[in-house]
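J.: Before I ask anything, here is the structure I am working with.
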Amino acid sequence: MLEKHRVLDSAPEYVDKKKYLWILSTLWPATPMIGIWLANETGWGIFYGLVLLVWYGALPLLDAMFGEDFNNPPEEVVPKLEKERYYRVLTYLTVPMHYAALIVSAWWVGTQPMSWLEIGALALSLGIVNGLALNTGHELGHKKETFDRWMAKIVLAVVGYGHFFIEHNKGHHRDVATPMDPATSRMGESIYKFSIREIPGAFIRAWGLEEQRLSRRGQSVWSFDNEILQPMIITVILYAVLLALFGPKMLVFLPIQMAFGWWQLTSANYIEHYGLLRQKMEDGRYEHQKPHHSWNSNHIVSNLVLFHLQRHSDHHAHPTRSYQSLRDFPGLPALPTGYPGAFLMAMIPQWFRSVMDPKVVDWAGGDLNKIQIDDSMRETYLKKFGTSSAGHSSSTSAVAS
């Protein structure tokens, strides 16, 4: 143990220049409350949609202005960096911030005169930041400590997506970039078509995985040890209390913010592995996932409000590695912008495809066999990109089935 400490202490001096900027990820959930304050002070209801304006407008512009950060912590300092408590505390503090955003917004809707348009704008704004509660849960849920894992469940309950805890860790990380993964999108598949199989597919896979785990322990899937039911119960209690306190408007407000929160995860899943495919080996199994099976983004500003989620390639290579330690690698497939801009592009399928499809084909070296392609778009792509895949349509058929 002493020798291990000597190794850590001898690591070269490293200064994380973004150390205190990560506070932006913790403060981001406060944005709807800032919008409420501005709307109240100015009388301009447009501020209820502040998060929409910042997320889909300001952040893509800031990403374009400030560009990318390719700096990595030296590998030898990563163990020491992982142990620095400050970074973990920021994720803990983010959990009550999400609850504050939900409760304050619900209180305002339930007690103040607002038009339905204003209520809708605030619900969508809250949906964006609470969709990113999934990102907070993602960071905490990959940790081994019981406290962290419970914090993940608690924050996932805010947006009613408790099954993410099981689905992402045990399902997506196992099946990513294969046809078995409902959370991997296919080239040519619009985000709207993707959502129809991704949202129910994620729940079905998560429930099946948890049922198998409990069965091996001789327990019913309806046991309180079910890690999907635990956050679901918190959600039901939380929403029931908000309904009792703030009235029937919650019957509209809460489902809208929840649905748009789910849409944020769908958007992330859609862009993170679009078209990418792990190849089958001779034994019929898929190759081990590698960093190049995820789309990466080093855009500075959006990474600072997302706990480095956009360094997704290293995350899949090292799932338990904390956000401050995630690295970039040369030659990784890269998104043209950060997640906010990519989410916006994804909602306009023609725009997204015009930018991303050539990138996917380039990633595959021009071989369409190495790409997950939506079955309805295969002939279109064969005509558009041609190349060596024309005689091997069986691979793409399997991909899209």
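Here the Cβ of each residue, glycine as well, is placed from N, Cα and C on the backbone.
OK, Swiss-Prot features for this one:
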TOPO_DOM  1-20  topological domain 'Cytoplasmic'
TRANSMEM  21-39  transmembrane segment
TRANSMEM  42-62  transmembrane segment
TOPO_DOM  63-88  topological domain 'Cytoplasmic'
TRANSMEM  89-111  transmembrane segment
TRANSMEM  114-134  transmembrane segment
TOPO_DOM  135-228  topological domain 'Cytoplasmic'
BINDING   H138, H142, H168, H172  Fe cation 1 binding site
BINDING   H173, H312, H315, H316  Fe cation 2 binding site
TRANSMEM  229-249  transmembrane segment
TRANSMEM  251-270  transmembrane segment
TOPO_DOM  271-401  topological domain 'Cytoplasmic'
J.: Can you check which residues sit near H316 (Fe cation 2 binding site), meaning Cβ under 8 Å from its Cβ, same chain, 6 or more apart in sequence, and list them in order?
T.: H173, V176, Q289, P291, H293, S294
J.: Residues other than H138, H142, H168, H172 within 8 Å, Cβ to Cβ centroid, of the Fe cation 1 site?
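T.: The answer, listed by sequence position, is G141, F164, E167, N169, H173, P319.
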J.: Give the number of CB atoms, excluding that of H315 (Fe cation 2 binding site) itself, located within 10 Å of its CB.
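T.: Other Cβ atoms found within 10 Å: 24.
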J.: Rounded to a whole number, how many Å is the Cα of H168 (Fe cation 1 binding site) away from the Cα of H315 (Fe cation 2 binding site)?
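T.: That separation, Cα to Cα, works out to 12 Å.
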J.: If one looks at the chain holding H172 (Fe cation 1 binding site), which residues at least 6 apart in sequence have a CB under 8 angstroms from its CB?
T.: D181, A183, A202, N269
J.: So which of the binding-site residues is most packed in, judged by how many other Cβ atoms lie within 10 Å of its Cβ, out of H173, H312?
T.: H312
J.: Measure the Cβ-based neighbour count of H138 (Fe cation 1 binding site), defined as the other Cβ atoms within 10 Å of its Cβ.
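T.: Around H138 (Fe cation 1 binding site), other Cβ atoms within 10 Å: 26.
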J.: Using the alpha carbons only, what distance in Å do you get between H142 (Fe cation 1 binding site) and H312 (Fe cation 2 binding site) once rounded?
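T.: For H142 (Fe cation 1 binding site) versus H312 (Fe cation 2 binding site), the Cα atoms are 14 Å apart.
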J.: Take every residue in the topological domain 'Cytoplasmic' (63-88), average their pLDDT values, and give the whole-number result.
T.: 94
J.: With the Fe cation 2 site defined by H173, H312, H315, H316, which remaining residues of that chain have Cβ atoms positioned within 8 Å of the Cβ centroid?
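T.: Going along the sequence, the neighbours appear as V176, E272, S294, S313, D314, A317, P319.
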J.: Do me a favour and check the Cα-Cα span between H312 (Fe cation 2 binding site) and H138 (Fe cation 1 binding site); whole Å is fine.
T.: 12
J.: Just the number: how many Å between the Cα atoms of H315 (Fe cation 2 binding site) and H138 (Fe cation 1 binding site)?
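T.: For H315 (Fe cation 2 binding site) versus H138 (Fe cation 1 binding site), the Cα atoms are 11 Å apart.
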